[in-house]
Amino acid sequence: MSNLIYEAVNWNKPTSELAQVFWDQQWKQIWFPEEIAVSKDVKQWQSFEHQDTYKKVFAGLTLLDTVQTNIGMNRVAAYTTDLQEKAVLTVFDAFEAIHAKSYSYIFTTLCTNEEIDELFEWVKKNEYLQYKANKIGDIYNSIEEGDSESLWKAMFSSVMLESFLFYSGFFYPLYLGGQGFLRNSAEIISLILRDESIHGVAVGFFAQNLYKQFSKEKQEELKLWGYELLLDLYQNEMNYTDDVYAETGLSPEVKAYVRYNANKALMNVGFESMFPEEEVNPIVMNGIRNEGSTYDFFSQKGSTYAKAKVAPITDDTFNFNR
Amino acid sequence: MKTYLKLNNDVLNSYSTTGQLELEKDREATRRYFLEYVNVRLRYFIDIEEKIRYLVDEGYYEKEFIDMYDMEFIKQLYKKAYDYNFRFPSFMSASKFYDSYAMKSRDGEEILEKYEDRIVIIALYLAQGDTVLAERSVEAMMEAYQPATPTALNSGKKARGELVSCFKLSMDDSMNSISENIGYCLELSRLGGGVGVNLTDLRPLGDPIKEILNRASGVIPVAKLLENSFSYSNQLGQRNGSGVVYLNVFHADIENFISSKKPNADDKIRLATLSTGIIIPSIFFELMKRDKDIVLFSPYDIFKEYGKRMSEISITEMYYELLDNPNIRKIKRLNARKLYTEVKKAQFESGYPFEIFDDNVNKVHPLKNIGRVKMSNLCTEILQVQETSIITDQDKPNEYGLDVSCNLGSIDIHAASKVKDFEKLVDTAMHLLTNVSQMTHIKNVPSVAKANKLMHSVGLGCMNLHGHLVTEGIMYGSKESVDFMDCFMEAMNYYSLKSSMEIAKENGESFYRFEDSDYASGIYFDQYVNKIEEEVSPAVLKALGNVPIITTKMWETLKQDVMQYGLFHSYRLAIAPTGSISYIRSCTASISPSTERVEVRDYADSRTIYPMPHLTNENSHLYVEAYDVNPYDLIDLYAASQKHVDQGISMTLYVTDNWTTEQLAKIYIYAWTKGIKSVYYVRQRLQSLEECVACQI
């Protein structure tokens with residue numbers, strides 16, 4: 001038996017600047033795919049011309065979320081030393097698992113078993129998809145105990161995955177949903193996005209704290225490494241976009257959106273943006289605003305309800321200072 | 001991609017990135033929408049006569065009401081409507097009208113009606129041959145009156161749904177009544193209605209059946225049956241049926257009922273699509289104030305002991321009697337504060353339950369001598385007396401009581417302040433609502449049909465308050481805004497009463513048991529004839545425009561007339577939340593503050609961007625968003641309006657997610673102390689992460 005001293009996580013004493021904030025925010029927005037009536041999309045789905053693209057987009061997202069659940073958050077959490085941040089990352093990991101499962105929920109509702117099996121085969125065979133999974137997966141797998149450089153690289157990659165690589169896929173449901181098409185599947189995506197945007201900000205924030213501890217020279221070296229990785233992934237992403245969106249004619253718009261998010265990902269880790277500003281389709285832009293759109297009370301569940309903060313009713317509750 | 005959608009989306013995109021409102025993009029979107037979508041689909045007719053003939057011959061319009069009029073008159077009426085030169089002021093209004101309201105060919109390809117056409121058809125249909133009323137109706141609707149969606153959508157159409165959309169049913173504690181009411185729900189849901197069902201009288205989980213203990217399953221399984229009925233019966237898949245169930249907070253099943261809407265509730269009790277509401281008697285708040293336990297009861301005991309249903313007694317008056325009576329089981333004791341905290345938790349997590357403040361409703365209920373108001377409807381603005389039907393075995397006739405159907409309409413406050421004759425506007429609206437009620441016969445729900453025939457209840461409300469206040473430079477929630485609503489709703493009350501009295505006088509008929517009401521005794525008018533007439537500030541006077549200030553003298557005269565001639569309508573006013581209809585008219589919804597200056601509206605099938613009416617780059621500071629309005633100010637405004645409304649007002653509260661359950665409880669309690677009758681949803685805006693991190697980094 002080993003003779004280590006195990007330390008218990010003590011939330012009474014903040015050890016991380018923002019762990020509590022990220023923790024609260026994530027739990028506040030808990031959701032489950034079963035709350036969304038995807039079956040209402042079935043009718044539109046049946047006469048949809050680009051089923052193939054749509055399915056592949058979702059299959060690709062499933063792979064990324066699977067990698068992020070099983071390796072990404074998992075490994076980053078394992079090697080993060082602050083116990084509160086570790087807890088936050090473990091919670092994020094659980095949400096990644098919900099995301100990966102929610103795509104299956106959409107597949108189950110819209111597709112036949114045979115189609116679904118084919119899709120998961122496609123995932124294994126698509127070179128661009130496998131390329132990004134491998135590229136990121138390798139970095140996750142090379143974290144070493146006590147080596148903050150490898151941990152920073154993993155965090156950087158995690159932010160790239162969540163704030164950048166997902167978006168070639170998110171584009172399509174947002175684009176269609178904003179035009180009244182397959183709205184419920186789009187609702188699931190907007191809920192996933194709401195989570196991914198905290199993950200991107202949080203991991204990016206942890207990465208920035210780590211980065212500050214490096215020497216100037218090391219910082220320069222890592223920055224270079226980061227931009228090179230981004231460019232590498234970007235090239236692959238362009239090919240992936242062409243491949244998946246070929247039949248829809250949407251490639252140029254998807255690419256603009258990918259560049260927009262690449263810049264956002266860089267901002268999350270505290271780096272300068274890389275691509276010049278350009279116009280992104282406003283329908284897609286409006287799809288990612290999470291402030292809580294106004295819902296028709298007779299229609300769907302809004303994405304704006306969240307966990308309550310409980311405080312007891314006291315005598316003072318009955319005093320109104322008016 | 002459709003260019004008009006892109007342009008419409010651009011409005012929000014540029015507003016949220018630059019803070020500048022580019023209304024010309026929305027106008028351009030509207031223009032392109034007509035060019036690309038509407039004009040190419042609009043069927044061409046040589047003249048009005050050909051159009052009407054075609055639509056009647058092809059079975060789009062009913063023939064009967066057209067035949068009541070002379071073709072020359074109809075042509076004139078069309079001209080009258082078209083002379084208003086109506087233009088859709090926003091993309092939202094145009095697209096909502098053509099997507100959902102205009103008559104289309106059966107294959108959905110051709111558009112057969114423009115906005116004015118729909119208005120004329122509604123007028124002709126509802127006026128039933130009365131040319132004077134038809135003309136007045138076109139005026140009212142082109143200017144300031146809007147019938148509720150079912151009436152606006154269905155009037156004159158041959159293949160149509162019902163003209164009313166809102167129903168309340170009372171369920172009794174017997175299998176016969178449960179199954180009968182489920183049948184009603186299927187039926188009403190098929191007609192596209194929203195249905196409220198009162199579950200307070202059902203015995204709770206574990207109660208005896210035929211004296212054998214622990215046999216009853218309680219209210220939740222019944223609620224589940226109702227939920228399934230509503231989702232089964234869905235208007236040919238167009239819209240899922242909607243329903244709400246109400247339960248008294250002293251009912252023994254209350255804890256499960258409150259948890260039933262939580263997203264993480266046990267599947268066996270979770271209500272996914274059915275709405276819930278709780279009835280709260282004042283005694284609950286009083287016990288909570290003193291930090292006491294409350295005792296839960298069974299309606300089964302109450303009925304056995306007193307011969308009355310739980311919903312038929314005032315718990316506030318009877319509470320200690322029930323406690324002292326050994327034949328009434330004290331099924332459970334709960335700390336009131338803890339229970340109410342659970343209610344607040346559920347509201348944060350799901351928006352439910354709605355709350356009805358039982359004594360605030362019944363204390364001022366003008367028909368209190370006729371019966372109690374036991375529950376509300378799907379949007380918590382309908383509050384009417386009900387009488388439970390006795391549903392017998394199949395070999396005996398049922399004894400039908402009174403249930404509720406309500407037809408609604410709304411006056412655009414901004415437009416109303418500008419019409420020449422406010423009295424005439426309200427009177428026309430009342431006539432139109434009256435005719436809807438008389439043309440409605442829900443034959444498969446006898447208790448509803450019976451009440452409709454006897455009670456003639458209607459619900460006239462209003463909308464566009466926030467829009468109007470902005471044009472007048474008045475801040476929502478300010479003292480001026482509260483005073484304005486106080487005067488405006490008093491005028492609505494006065495003129496709707498006057499109109500109802502005139503109709504009763506004309507028909508020689510009042511509503512059932514008028515003589516037992518507070519109107520007949522004159523008590524209702526005490527608050528008005530004895531009021532202290534206060535000076536109205538110039539800003540409020542200006543905002544009222546052509547809406548008269550009602551004096552005590554006017555009230556005195558009206559009181560005498562009502563006592564002499566009666567009233568035709570048992571209920572007249574109710575302020576609905578007004579969704580789609582306010583969008584078509586480019587109004588802000590109901591009397592609530594707008595939630596966003598540039599709103600994203602997600603309907604089941606589309607997403608549209610809607611800059612608030614009258615919003616400009618200059619006045620945007622007046623469009624304070626609902627989440628930034630002080631909730632106590634908002635409640636004061638609703639309380640001032642509520643004084644003049646015989647039924648209820650659909651009131652949504654807005655909070656942010658850094659609120660605690662205690663803060664939420666506090667505003668509800670405040671609302672209760674101010675005489676508010678019901679609280680509809682509580683909505684919260686999730687702070688996005690940028691906001692909360694930004695203040696710390």
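In case you wondered, yes, glycine gets a Cβ from its N, Cα and C as well.
What TrEMBL records for the Fe cation 1 site is A:E96, A:H99, and among A:D65, A:D117, A:D138 the residue it adds there is A:D65. Record check: TrEMBL places A:E96, A:E196, A:H199 at the Fe cation 2 site, and the matching candidate among A:E127, A:E162, A:E228, A:E237 is A:E162. Just so you know, of the binding-site residues A:D65, A:E162, A:E196, the Cβ with the fewest other Cβ atoms around it within 10 Å is the one at A:E196. Within 8 Å of the centroid defined by the CB atoms of A:E96, A:E162, A:E196, A:H199, the record's Fe cation 2 site, lie the Cβ atoms of A:D65, A:Q68, A:M73, A:F92, A:F95, A:H99, A:S158, A:L161, A:F166, A:D195, A:I198, A:G200, excluding the listed residues themselves. Under the three-state DSSP scheme, A:D65 (Fe cation 1 binding site) falls in the helix class. Shown are the binding-site residues A:E96, A:H199; of these, the residue with the fewest other Cβ atoms within 10 Å is A:E96.
A:H99 (Fe cation 1 binding site): 25 other CB atoms within 10 A of its CB, across all protein chains. The two recorded residues, A:E162 (Fe cation 2 binding site) and A:D65 (Fe cation 1 binding site), show a Cα separation of 9 Å.
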